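Enquirer: According to TrEMBL:
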DOMAIN    66-300  domain 'Radical SAM core'
BINDING   Cys80, Cys84, Cys87  [4Fe-4S] cluster binding site
BINDING   Phe86, Glu193  S-adenosyl-L-methionine binding site
Amino acid sequence: MEAERNLTLLLQDTGLPTDLKHIAEKVLHGERITFDEGVLLFEKGELGYLGILANYIREKRHGNKTYFNRNFHIEPTNLCVYDCKFCSYSRLIKERSQGWEYTMEEMLDIVKKYDDEPVTEVHIVGGVLPQYDVAFYSELFTKIKQHRPELHVKALTPVEYHYIFKKAKIDYATGMRMMMDAGLESIPGGGAEIFHPEVRDLISKDKCTGDQWLAIHEEWHKIGGRSNATMLYGHIEKFWHRIDHMDRLRTLQDKTGGFQTFIPLKFRNKDNQMSNVPESTVVEDLRNYAIARIYLDNFDHIKAYWAMISRTTAQLSLNFGVDDIDGTLDDTTKIYSMAGSEEQHPGMSTKQLVELIKHVGRYPIERDTLYNVVTDYNDYQFPEEAKPSFYKLPVIN
Ligand code: SF4
């Protein structure tokens with residue numbers, strides 16, 4: 001395997017500092033790196049070095065396979081009782097006229113719009129408002145499943161769950177069981193930001209703490225649920241805060257095994273209270289993906305949201321540990337565009353996503369939410385591309 005050859009060649013480089021060489025040897029032998037080594041990678045690891053290590057792990061786990069899914073989003077509201085400093089999406093209650101608040105019927109209408117589309121997942125996430133409570137979401141999940149039982153409901157983050165369970169005076173274990181009984185099938189990774197209170201208290205003070213976020217995922221995993229995890233990076237945090245964040249996830253994953261995918265989220269600075277903070281460079285984004293792949297040795301997948309980092313960076317990321325670039329989206333999310341992403345109307349046809357992956361020599365695999373293979377597109381020909389098996393020569397009679 002070429003990735004292994006590259007790593008072996010790297011280890012023969014006499015100019016490689018001893019500490020970085022030691023980490024490369026650990027990666028070659030499948031050994032876990034320590035907290036301090038993770039920080040060292042951020043401080044000293046150059047892009048080329050990190051790419052060789054991360055790609056080795058990526059190809060050992062997944063070969064060239066690159067996953068995506070066919071999904072759409074429902075964002076119930078962009079109003080929110082919280083006031084996270086990095087949020088470009090929410091409007092405070094006093095600016096209610098600038099927002100939307102979907103009713104149950106409006107959300108079910110969005111689901112029905114996809115009745116004839118081969119989507120496998122609905123992703124529901126948005127702001128936090130009192131009318132969206134335990135009873136509301138239970139009814140919504142139940143009605144979606146009644147309408148289309150095979151559609152996977154991936155919904156809400158611990159930010160919403162903590163709020164609605166507290167309001168209903170129920171503990172996390174009871175609440176998560178109620179959600180599962182209503183039809184919830186997995187939890188997306190949002191709301192994690194940076195767990196360490198030193199940073200969290202400055203950027204998103206009032207919502208659930210890092211410990212509460214982890215506790216809700218733990219309860220969900222205990223009853224057999226699967227979930228994802230994110231990290232909002234590239235703002236006021238230090239490198240060690242990122243490793244601290246990943247370390248807490250790695251520890252919980254050792255305990256439960258319930259996480260599927262880690263998704264680094266790049267901080268964008270448009271129209272929020274942290275617009276003075278510069279955004280990370282593409283090089284830093286790729287370094288961050290690579291270090292996540294190296295550090296999180298018990299996570300199966302590392303995902304890049306193409307809608308957030310641009311199509312080109314998403315293609316590049318596939319050489320830096322990423323094996324999943326999310327879904328077709330169909331312009332159903334405003335979270336990325338409102339934060340300043342290059343993609344103002346994010347949506348790609350399956351064919352476009354497949355080509356994006358193939359253009360960089362990887363194998364496109366459509367997956368469902370739980371990473372079961374829906375279609376292997378490696379040798380697939382889209383119907384409109386099918387060539388005639390022979391060409392008729394013109395004949396003059
Ligand atoms: S990040 Fe989420 S919780 Fe924070 S203000 Fe925005 S919508 Fe609300």
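Cβ atoms are placed via backbone N, Cα and C, with glycine included.
Any TrEMBL annotation is an automated prediction that lacks curation.
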Enquirer: Report, as a single number, how many Cβ atoms besides its own are within 10 Å of the Cβ of Phe86 (S-adenosyl-L-methionine binding site).
Expert: 21
Enquirer: I'm trying to understand the geometry here, so how far is the Cα atom of Phe86 (S-adenosyl-L-methionine binding site) from the Cα atom of Cys80 ([4Fe-4S] cluster binding site), in Å to the nearest whole number?
Expert: 13
Enquirer: Quick check: with Cys80, Cys84, Cys87 left out, which same-chain residues have Cβ atoms within 8 Å of the centroid of the [4Fe-4S] cluster site Cβ atoms?
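Expert: The answer, listed by sequence position, is Tyr82, Asp83, Phe86, Tyr89, Ser90, Gly127, Ser204.
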Enquirer: Can you tell me the CA-to-CA distance separating Cys80 ([4Fe-4S] cluster binding site) and Glu193 (S-adenosyl-L-methionine binding site), as a whole number of Å?
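Expert: So the Cα of Glu193 (S-adenosyl-L-methionine binding site) lies 17 Å away from that of Cys80 ([4Fe-4S] cluster binding site).
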Enquirer: Just to be sure I understand the contacts, which binding-site residues have a Cβ under 6 angstroms from any atom of ligand 1? Candidates are Phe86, Cys87, Glu193.
Expert: Cys87
Enquirer: Which of Cys80, Cys84, Cys87, Glu193 (the binding-site residues) has the most other Cβ atoms within 10 Å?
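Expert: The largest 10 Å Cβ neighbour count belongs to Glu193.
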Enquirer: May I ask for the distance between Cys87 ([4Fe-4S] cluster binding site) and Glu193 (S-adenosyl-L-methionine binding site), taken between their Cα atoms and rounded to an integer number of Å?
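Expert: Pair distance, Cα basis, whole Å: 11 Å.
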Enquirer: Between the Cα atoms of Glu193 (S-adenosyl-L-methionine binding site) and Cys84 ([4Fe-4S] cluster binding site), what distance do you get, rounded to the nearest Å?
Expert: 10
